[in-house]
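Student: Pasting a structure here, questions to come.
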Amino acid sequence: MPPVQSPEPSPEQSPEKSPAQGPFDLAEGDPFGPHTLPYGVFSTPDAPTRRRIGVRFGDHVLDLSDLPAAVRPPHADLLAAPTLNPLLAAGRTVWREVRAAVRAAVTEPAHRTALTPLCHPLADVTLHLPFEVADYVDFYASEHHATNVGRIFRPNGSALPANWKHLPIGYHGRAGTIVVTGTPVVRPNGQRKGGDDATPLFGPSTRLDIEAEVGFVVGAPSNHHEPVALDAFRDHVFGVCLLNDWSARDIQAWEYVPLGPFLGKSFATSVSAWITPLDAFDEARTQPPARDFPLLPYLDDAAAEPGGIDLRIEVTVNGETVSRPPFASMYWTAAQQLAHMTVNGASLRTGDLFASGTVSGPEPDQLGCLLELTKGQGPFLQDGDEVTLTAWAPGPDGARIGLGEVTGRVLPAPALGGDQA
Ligand SMILES: O=C(O)/C=C/C(=O)CC(=O)CC(=O)O
Ligand SMILES: [Ca+2]
Ligand SMILES: [Mg+2]
């Protein structure tokens, strides 16, 4: 695939910083300033089994697990856990109180002496999957992606299915194979049958792909039989992460009729280590595209607060930028996806994760997977390839809200056993 033209500086490349400065002296434009404050879970080499909650500030992690009394936030017990789940479960009022207290701690110069020993350079810590994933759903919400993929997978049918503009299509994925950024991704073995194959073949996928997506993390649960309305979205959804829905296109193309993706996607899904609270995106809200059909009342967001988010994603393969998918172009919003997911009375659990679907914009350098970028022809991923997604959103007063990164390197498929070879 051709590299993207006219590169802009990656938000991950923090501007130059002099070594004499401390963890709280951020360079101008650092995307992890006081308006971002994403939560993660880390450990340090001296205590590798002690997982602690931290917040990212610049290129450091501030340990929140045992803050000194002068800056101890309300609900500090929730921050002493080894995962974010207790904080997620606590609900929006608590999320806001904790975030306000953390912001006050990192911005008040009088606290710096006390907090500096609790700051670890990112390079010195191990980042872990920050929450225990409950259920996992993946949507299909980009009109551009759905149209492009529809043409490739179903050249004789209409690109968009008849239901596409009436409901956000999704499928249930595999929560147990969600992995944190940096985890290697092993090429899956599986069954495939191309148009020229007389019978199905078995072996390593030859069409391994990525999907650049945004994940939404559910905090507060809901009750069974009680749908979550559009305007209750922010009572339930805690925050946002980056997500790569690794996809074996050959396995997927053969297996997906009629129930949708299965083994072609369930071998691994990577997420970023940082969960950014929704409140960080207040300045980045956008109106979704105009609706082409009237929506049923439970999905009709015409009078709702703008449901889109202006996240600018960048996809690199082996360090070379291949795409810049714009999340603001998504047809269906996360609030509509949540309303649809629960309209039948299905309940939410703390730690549920739902992904936006591949983010593809209208332009050729805005496509969120290699299938689209190469018009179905490949090349797809080779063993050893490393794929990284980064993103940022506009914040207050020209600040950037960084989402960190989700990265993974492809490892060779396991050797086939006697029954499989
Ligand atoms: O059009 C299809 O048959 C399937 C497309 C997908 O790859 C499903 C998917 O993961 C949805 C998405 O990421 O948008
Ligand atoms: Ca997907
Ligand atoms: Mg996947």
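The backbone N, Cα and C atoms fix where each Cβ goes, glycine too.
According to TrEMBL, the record shows the following:
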- ASP138, GLU211, GLU213, ASP245: Ca(2+) binding site (BINDING)
- TYR140, ARG154, GLN252, TYR256, THR358: substrate binding site (BINDING)
- ASP245, LYS265, THR269: Mg(2+) binding site (BINDING)
- 1-12: compositional bias 'Pro residues' (COMPBIAS)
- 36-130: domain 'Fumarylacetoacetase N-terminal' (DOMAIN)
- 137-410: domain 'Fumarylacetoacetase-like C-terminal' (DOMAIN)
- 1-30: region 'Disordered' (REGION)
Student: Among all protein chains shown, how many Cβ atoms are found within 10 Å of the Cβ of TYR256 (substrate binding site), not counting that one?
Tutor: 16
Student: Using the Cβ center of ASP138, GLU211, GLU213, ASP245 as the Ca(2+) site position, which other residues in that chain lie within 8 Å, going by their Cβ?
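Tutor: What remains near the Cβ centre is ALA212, LEU243, ASN244, SER247, LYS265, THR269, ALA355, SER356, GLY357, THR358.
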Student: Around ligand 2, within a Cβ distance of under 6 Å, which of the binding-site residues TYR140, GLN252, TYR256, THR269, THR358 show up?
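Tutor: The binding-site residues passing the 6 Å Cβ test are THR358.
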Student: Using Cβ atoms only, which residues of the same chain lie under 8 Å from THR358 (substrate binding site) while being at least 6 residues apart in sequence?
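Tutor: In sequence order, TYR140, SER142, HIS145, VAL149, GLU211, ALA212, GLU213, ASP245, PRO325, GLY368, CYS369 meet the Cβ cut-off.
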Student: Which whole-number mean pLDDT does the model give the domain 'Fumarylacetoacetase-like C-terminal' (137-410)?
Tutor: 97
Student: Between THR269 (Mg(2+) binding site) and ASP138 (Ca(2+) binding site), how far is it from one CA atom to the other, in Å?
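Tutor: That comes out at 10 Å between the alpha carbons.
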Student: Just to be sure I understand the packing, how many Cβ atoms besides its own are within 10 Å of the Cβ of ASP245 (Ca(2+) binding site)?
Tutor: 23
Student: Could you check which of the binding-site residues ASP138, ARG154, GLN252, TYR256 is the closest Cα neighbour of LYS265 (Mg(2+) binding site)?
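Tutor: Answer for the nearest of the binding-site residues: GLN252.
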Student: Fewest other C-beta atoms within 10 angstroms of its own C-beta: which of the binding-site residues ARG154, LYS265 fits that?
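Tutor: ARG154, out of the binding-site residues ARG154, LYS265, has the fewest neighbouring Cβ atoms within 10 Å.
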Student: Among the binding-site residues ASP138, TYR140, ARG154, GLU211, THR269, THR358, which have a Cβ atom lying under 6 Å from any atom of ligand 1?
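Tutor: Checked binding-site residues vs ligand 1; flagged ASP138, TYR140, GLU211, THR358.
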Student: Do you know the DSSP helix, strand and coil residue counts for the domain 'Fumarylacetoacetase N-terminal' (36-130)?
Tutor: 43 helix, 27 strand, 25 coil
